[in-house]
Ligand code: HEA
Ligand code: HEA
Ligand code: CUA
Ligand SMILES: [Cu+2]
């Protein structure tokens, strides 16, 4: 069965698409078996519709030209014909069954995430992705890296405008990777066309999906579910690499994570923290509280010249670590590490005219989190 | 197949119409604005609905133009993303709830009593109430744009929790506005059902009714079945927002996906609510201008009913990527594909009606023919979306936007315009200016395809919907769409011109304005006097 | 269908006033909920809606009694009322659907069973049970305990079922023109309705005061209150309608054969009763 429809797909693939696809007019064939199956389904159904369309519209336009009143056509008076009506009910049903069979096979395959060799947890957040390699102690967030100046047009737009990130998801090729997908706030949808993975991330629930990538490369996609202001600025970039390269990369990340963990125990200078904090702030917080801390009331409060923030360190720490439940402000206790948390708080307390002079040490934050 | 004749009575009926004011029991109607506020006349209420709908079509269209203007080029030029989201949302909401639905209700009000030989709607005061709820509802809805924090910005599908925990404060008003609109729809639908079931001229059986009446009967049933579910789900939102419940919050044991199930249980039948009456209009126009009875009247009726029943079983095809269990995914894929069968029957019947007819191409016919072709194209893309594995690539891209605009704009909107051109002589006593109407048609058909055809490619190439800015490879498609949108929008000014001219004058139309027209409405004078059929006409079927 | 002429009601100002009143009520409610002010507008709106309904029905009653309505008008009312009740059925169906969905799918998934059981990774301490006393997130306090169906809820079930019977007796009596019997049984029905409302009130008090069943108590509280709450509102409305019918009976309205106002009230009451039976089974017992 399977081989037969693959054959059908091969034809339609050849007949059509290659050209259109190269021009970016059509769905990509992609780099996984699933994606090319889907592409085949897409083209098969497309051609079936074209054929039906040609027949139906052909008959219609023939009648329109042939039986014109202006050319003296006299109307017939028939108005029903049982066997014809039965026929054109039955034939579409058969065509549909023909479509449903390969579609069912593909879908079953897509739902089978068993026997994965690597688990990656993907968490949507307004408006970035967090990736966690389960069991490997490696986790990071991935933010859009296109500068706002390009968006506003002050600067020329780059080749990968809106589809570039600071830290791509790195995956090995030829290995079945299972995704566990969830969200911290609203529903997002993680989508990379070349991998044919599009899956909503539902807060409080986990969806599964998987890929087995056949070719190394950089694959780009976007968040596909409206998730608020920056829905359009939430790209996904996957870097698919050879097995060995992946292992090396993973080892490097682990080491870096350990280094960072050690940073918690040492005493940090204000300047160091402010510098680090600024980058954390700009990549994570500024999408809501804006680049200059001015916020966007009433949705997002200002942090600059925020009376309460200036006067109360503990309150400030609590908001950032634990978030505000029932509001858009996320809890950052598990998504940022103590160094980053201390840094961003120190930065906020000393930027945009909030000149409190306070320094919050990573060790203090670690203690707060431990409680 | 069926023993019944299509409704094409050589009609003898006792009365046509009683001229305005002479009839018994009618006190002179109040003057001025009060007349319109208090009217219980189905024709006046029908006109009110149609005027309201046209106004809202323009407002919704202007919102679409804001969207298209922003998308004209990559980058953020005109509006902030926040406002962009509000525009997308309001465009969808206004077009669906305030333009298309009221337009069909308006046509129903005008035409159903005329087509079944009734003096008015069954419950005329309720009718007035249904209409006047609409301006209240949509004034409130539009006013949310001016509230602190802005209006609804979460799409016309308002998925929780973006529309609950993360929503602007105005959401509560949005919910209440939708409640009012919902009440209006339900009451309107009840009235239409009661009219059709109870007010038919003596001798007119159900299977004698014109298809517009049939499709509306079934549409009204859909409305009564699903609008309350919408009311239920928005009530749950209201509770989550204001009273701390956790219907859509996993922390308390709820589920955001529950929202989607309830919404689409309403939402999918809703899209057929926006197309079934269109089928009815087209089924009246094509036989008229082909001068040949509709082919397969009975199977048209059964197909409509089948579409309506199936529509309750397909809702989760909008949710193929939310993570449904495999069995659910398969079930909804199969049931959705099945809808192509009865819809196909309709298309084949229209084409066969044309076959060996004697066809002329007046403006109503042009729009109806364009409907058949372009709706079918939209149906084909719908079928592609129904293939669940492929929908993983299509979902939430411009391919979906292309699909539904093909079924809605050259679908629902073209059918409405076809209906307006078809019945204007009956309403005003004058033919619309045919030359202008033809211009309007050709501009519209170019505009609509220029706007929405490239969206297929943008979507397949990977452009998500509801984004204010896009990657550079989508630029060409968007450029075309935006040009098309302004072109299409501007052409609609012609439509308004034709309608205004027609109201004010034009070639006089006889009672039977179109040579091939057969239904009961063509037996009353043009313009139809305020009160018609005060004594029931007698409906005669031709015996076979 | 009758020959002769159709009856077409005259125009009326109640509909348009009604829509303005409803609008005022909604706007007021919105302002109250969002900005916590504007109570007067809510009250004006509610009063307006009630007044308009009263006046509108008064007109209908007087036209009906004036003999203006024919059999066809009567059938229109019947279709209208029947489909209205169907719309109410669908309204409740949404809430029942929500209840079934969370019980059969969402909660088991969160607890680690079924097709989406992986979700339990996010809620390691959560145990799926129904009634849900411990919601997944510990910051949400669930109910301490839930009602036994076999106490007040059972009493209420019996009350409503009885009331449906008494109403039928009243109706039968009206059909044969026995107005006194009708009046007595109808009075009984109204009283039973009042009892139901009182008991439901007591139960709500208990829920908040002693059981910890509140709107905020996770999905159990949410579904419990939305179902019983909307049902309760319907009982109150039904009771008011029946009380109106009682007044009309006392005033000598309604013919033996032609009394659709009364009949429609009966339909409505039976519908409310059936919903309760569903509630009793799915909210309390199972
Ligand atoms: C008038 C409105 C209307 C109509 C009539 C339809 C008709 C159909 N729609 Fe569409 N749809 C919408 C309005 C409509 N839709 C809207 C508004 C959305 C988006 C909502 C949102 O997310 O905002 C949507 C989205 C939508 C989706 C979800 C896509 C996604 O978000 O991922 C799907 C998926 O299955 C779908 C399928 C279909 C199908 C199968 C039909 C069928 O009814 C079509 C049947 C018709 C034909 C098939 C053509 C004629 C038939 C023949 C000539 C017979 C022979 C044919 C064959 C055997 C192939 N629609
Ligand atoms: C019946 C319903 C209907 C109709 C008729 C239309 C009509 C149009 N729609 Fe659509 N649309 C929807 C229903 C409809 N739409 C829905 C449900 C959505 C989804 C919303 C969501 O995602 O939540 C949507 C979304 C949607 C999008 C996607 C937005 C996004 O994802 O961010 C776009 C983008 O181009 C669009 C464009 C248009 C255009 C250009 C028209 C045109 O046909 C409009 C033409 C009309 C006018 C332009 C107005 C009349 C003319 C004038 C006012 C004269 C002045 C004008 C000039 C001089 C130029 N619509
Ligand atoms: Cu995240 Cu859209
Ligand atoms: Cu649908």
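Heads up, the Cβ atoms here are built off N, Cα and C, so glycines get one too.
Annotations in TrEMBL come from automatic prediction, not curation.
Per TrEMBL, the listed range annotated as transmembrane segment is B:479-503 (candidates: B:4-28, B:479-503). Long-range neighbours of the transmembrane segment (B:322-345) within the same chain, counting only residues 6 or more positions beyond its ends whose Cβ lies under 8 Å from a Cβ of the stretch, are 257, 260, 296, 299-300, 302-304, 306-307, 310-311, 313-316, 379, 383, 386-388.
Relative to the transmembrane segment (B:479-503), the listed stretch B:48-69 leads the set B:48-69, B:131-151, B:271-290, B:297-316, B:366-388 in CB pairs under 8 A. Tertiary proximity for the transmembrane segment (B:400-424) is limited to same-chain residues at least six positions away from its ends with a CB under 8 Å from its CB atoms, namely 50, 57, 95, 100, 103-104, 107, 110-111, 271, 274-275, 277-279, 281-282, 284-285, 288, 362-368, 370-371, 374-375, 377-379, 381-382, 384-385, 394, 430-432, 437, 444-445, 448, 451-453, 455-456, 459, 465, 495, 498-499, 502, 514, 521. Here the transmembrane segment (B:211-239) does not lie next to the transmembrane segment (B:131-151) in space: the count of CB pairs under 8 Å, restricted to residues six or more apart, is fewer than 3.
Listed by sequence, the residues of this chain that lie at least six past the ends of the transmembrane segment (B:436-459) yet keep a Cβ under 8 A from its Cβ atoms are 68, 363, 366-367, 370, 374, 381, 394, 397-402, 405-406, 409-410, 414, 417, 421, 465, 474, 476-478, 480-481, 483-485, 487-492, 494-495, 497-498, 501. Take the transmembrane segment (B:271-290) and the stretches B:131-151, B:297-316, B:366-388: counting Cβ pairs under 8 Å, B:366-388 has the most. Long-range contacts of the transmembrane segment (B:366-388) within the same chain: residues 275, 278, 281-282, 285-286, 289, 317, 320, 329-330, 332-333, 336-337, 339-340, 343, 347, 350-351, 394-395, 399-400, 402-408, 410-411, 414-415, 417-418, 421, 438, 441, 445, 448-449, 456, each at least 6 residues beyond the stretch ends and with a Cβ under 8 Å from a Cβ of the stretch.
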